[in-house]
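This report refers to the structure that appears directly beneath it.
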Protein chains: 2
Amino acid sequence: MEMGKKYTVAVVGATGAVGTKMLELLQEVNLPIEHVKALASKRSAGKTLAFKDQVLTIEELTADSFEGVDIALFSAGGGISEIFAPEAVKRGAVVIDNTSHFRMVPGIPLVVPEVNPESLKTHQGIIANPNCSTIQMMVALEPLRQAFGLDKIIVSTYQAVSGAGAKAIAELENQVQEYLDGKPLTELTATILPSGGDKKHYPIAFNALPQIDVFGEEGYTLEEWKMINETKKIMGDESIKVAATCVRVPIVNGHSESIYIELKEETTVQAIQEILAKAPGVELVDDPSRQRYPQAIDSIDQKGTFVGRIRRDLDNPKGFHLWVVSDNLLKGAALNSIQIAEKMHELALI
Amino acid sequence: MEMGKKYTVAVVGATGAVGTKMLELLQEVNLPIEHVKALASKRSAGKTLAFKDQVLTIEELTADSFEGVDIALFSAGGGISEIFAPEAVKRGAVVIDNTSHFRMVPGIPLVVPEVNPESLKTHQGIIANPNCSTIQMMVALEPLRQAFGLDKIIVSTYQAVSGAGAKAIAELENQVQEYLDGKPLTELTATILPSGGDKKHYPIAFNALPQIDVFGEEGYTLEEWKMINETKKIMGDESIKVAATCVRVPIVNGHSESIYIELKEETTVQAIQEILAKAPGVELVDDPSRQRYPQAIDSIDQKGTFVGRIRRDLDNPKGFHLWVVSDNLLKGAALNSIQIAEKMHELALI
């Protein structure tokens, strides 16, 4: 970037759950920003948003929206990214894409800034932001991989409905109201979850749905495949063994994960705690004697990845268990995208 | 039992979440029953309950309550069992105890009828009913242990609040109402969960609490220790490796479990499905192509243990993943106790 230049930043999907958080974060970001464009569908065009002391008018997303844009943050679904990300790049913008569309494309960096910032250096215009449930796991495990080597991960998730968008939050709240009004649990109104793109819909209120996204190969859902494949790409090691069971639970915001790891070396709980206590992006919350452990409701609007319940496996001296929680709309989505932009600015890659 | 004799059955804790289910099940049980006594604290004494075409008057629990009782079903807390179970045995009753008090006492059978009914034969008056989250895991895994041998279990639970009693259900419902009324999630009224016996209480609504019961050795909670130790005792094999992370979620009823197992032999998903399809107490619900998998809300008032999402581990040919769901008040508590009584009757042990 030229000395003294200030960026024009576009947010694609500005009215969504993640886009809203992106616009909030852009008000306090560590980047020189000249101008912010809020882009959305035709339906939202013309509405206004407060941004610092300005009023932003939402513009309809078109290819020409990206004229003069330096950084384009996408979070409006894979189909939108597929069409418009190349248009933005063509017009000179760097795209940071929060959808899954480009994540596994060879040559496209998939980045958690605490983990693999160096992969930004080879970017060709598009940088992919990983899946929410993957990001927080990477922040917690990379310091342990660095210290002890990482052989195997088995993760079971407890994922919030906000990961499926603002409409899924409304669906949960409506179902909870229906239950309090006396409607049977199996008859609550469900039109979105477990996956808007799948055929059947089930209530999430007072339930646990072991399906996030649609089913893929081997009986694993695409969400589970994302955690498996993205982990290997971000950590840059195809030999890491990863298994995931992804489950939606009736939580508004904040993903929790029960993670079992097998390291390559033996170590102690204390050594792991000491490493995580000073790891970037990690907040260690681990004191059973005072009932201190990460909780979804405590993670909301927080930027950290909270780690606790660290225990040794009783049978494997290289095995450990952790409980990892983060705000899936922030570090899991909007914040990580913004941090990618900050890191690229710092590395003079924009 | 003498030919033609009919049993007198006492339910201790008759007004609790589990006791209520026990009384419901006794109306349809496969046992000759002459008389049912509903026992509870002084506070509930004198209240009446419908039982078939009779009216039961709740009696205050005393040692003499067990005069003439053949079968005493206890579910009123470990302290009550500690004092009154020996009194019941002294008066000739067989005690089936749903609390954790006697479970790990050597010589006291800890029984899931589908798994280890033969251990009933050496009973000396008291039979322990296992922990809710352990029972459903045993029903699902014992057929696989029989077929392939079982080396290791790693389980993460999604446990319903009903496991903490009727008051915990009311607490969840009240918190949900407070949230709909606009109260912040971290300020919802919490006086019971995560554990009535511990110091701090946290909201469960829209949250996941990685603490069930109080903390014990090695940073594991007592609920986690129960799953570890009870599994070895029920399966009669101290060499089985077990790790558990027990988590309370905002579900009224129905425990779910994400289970990873390592068998002693290689096998296939199809072979596991075929075994579980005909296993006693198991209902196989496993068809991703039609979005069929076990759900907590579908398990309520059902007697089965539902198993689905069966997948091979992608890295270990002896490793498999399963999702196991059951009504924790039924198979996890009241139903298993009743089934123990039925099995003892069948084996002429009462």
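A Cβ is built for glycine as well, from the same backbone N, Cα and C atoms used for every other residue.
Among the candidates A:Asn328, A:Asn336, the one that TrEMBL lists alongside A:Thr15, A:Gly16, A:Ala17, A:Val18, A:Arg43, A:Ser44, A:Ser162, A:Gly163 as binding NADP(+) is A:Asn328. Residues in the domain 'Semialdehyde dehydrogenase NAD-binding' (A:8-123) partition by DSSP class (helix H, G, I; strand E, B; coil) as 36 helix, 32 strand, 48 coil. Between the candidate recorded positions, A:Arg103, A:Arg248, A:His255, the densest Cβ environment within 10 Å is the one around A:His255. When Cβ atoms from all protein chains are considered, those within 10 Å of A:Cys132 (active site, acyl-thioester intermediate) total 28, not counting its own. Contacts of A:Gln159 (substrate binding site) defined by a Cβ separation under 8 A and a same-chain sequence distance of 6+ are given as A:Cys132, A:Ser133, A:Ile212, A:Cys246, A:Val247, A:Arg248, A:Val249, A:Ile251, A:His255, A:Ser256, A:Asn328, in order along the sequence.
Secondary structure from DSSP puts A:Cys132 (active site, acyl-thioester intermediate) in a helix.
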